[in-house]
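These features come from TrEMBL:
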SITE      Arg15  site 'Transition state stabilizer'
SITE      Lys22  site 'Transition state stabilizer'
SITE      Arg152  site 'Positions MEP for the nucleophilic attack'
SITE      Lys208  site 'Positions MEP for the nucleophilic attack'
Amino acid sequence: MNYEVVLPAAGSGTRMGAGKNKLFLELQGTTILVHTLHVFEQDPKCTGIWLAVKDSEREQIEQLIQEAGITKVKGLPTGGAERQHSVRSCLVKMEPTDLVMVHDAARPFILQETIDKLAAVAFEKGAAIAGVRVKDTMKIVRDGIIQETVDRERLWSIQTPQAFRYDLLKEASDVADKVGFLGTDEAMLVENIGHHVHIVESSYENVKMTTKEDLVFGEAILTSRQA
Ligand code: C5P
């Protein structure tokens, strides 16, 4: 199942506190962005890479792409204020295709087997997203006081990639754009138009580089993979 991938890369990484886009931070000498790009460059089923970028960072990103020998990039449109807008900037530029995957550029450790499962389920059912079961006990808290302990069996922590038939995601994005619906992931837009979204069990290694501690975890993952 061939697919094109959209990598939103236009965030500011405030929670990382690095004073620059966290995607330019390095893990074992390679930027987080290039680690992620390599995954899709190496997957023969990926036929195109789209990157939503900030205008001010386009040149730097183009240089990284060139130096890393990444050949599949089809476009680097300007991202938006919210991640959802950044994803849409790519969707409106691409030619219609069968499958599209949206993947945070800040998740460099996605496993090929997860990508393969997502592509298969999305091709058959229309929409499939990666996630892992929560490990901790989960509680709803208000004003510092526990309101409720939530049944952990039904809770998943959602990651990317999120894979969709192109037509379905484009329709969901068009509707969200028209009515001003804002979601924290693409699945929410698809749920919003009443379509089922399927979950594919992913890996705890597929962590998003968000805060400083994640970088320590990231270095450890790379080391364990080289062992
Ligand atoms: O901030 P967060 O880690 O949730 O962002 C997830 C991904 O979305 C990152 O790769 C980031 O660069 C991207 N993003 C974007 N446009 C935004 C916000 C985030 O492309 N406005």
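Cβ coordinates are placed from backbone N, Cα and C, and glycine is handled just like the others.
By a simple count of nearby Cβ atoms, those within 10 Å, the most crowded of the recorded sites Arg15, Lys208 is Lys208. On a Cα basis, Lys208 (site 'Positions MEP for the nucleophilic attack') lies 22 Å away from Arg152 (site 'Positions MEP for the nucleophilic attack'). Cβ environment of Lys22 (site 'Transition state stabilizer'): Gly11, Gly13, Met16, Ile32, Ala106, Met209, Thr210 lie under 8 Å away, each six or more residues apart in the same chain.
The local packing around Arg152 (site 'Positions MEP for the nucleophilic attack'), expressed as other Cβ atoms within 10 Å of its Cβ over all shown chains, amounts to 12. Lys208 (site 'Positions MEP for the nucleophilic attack') carries neither a helix nor a strand DSSP state and counts as coil.
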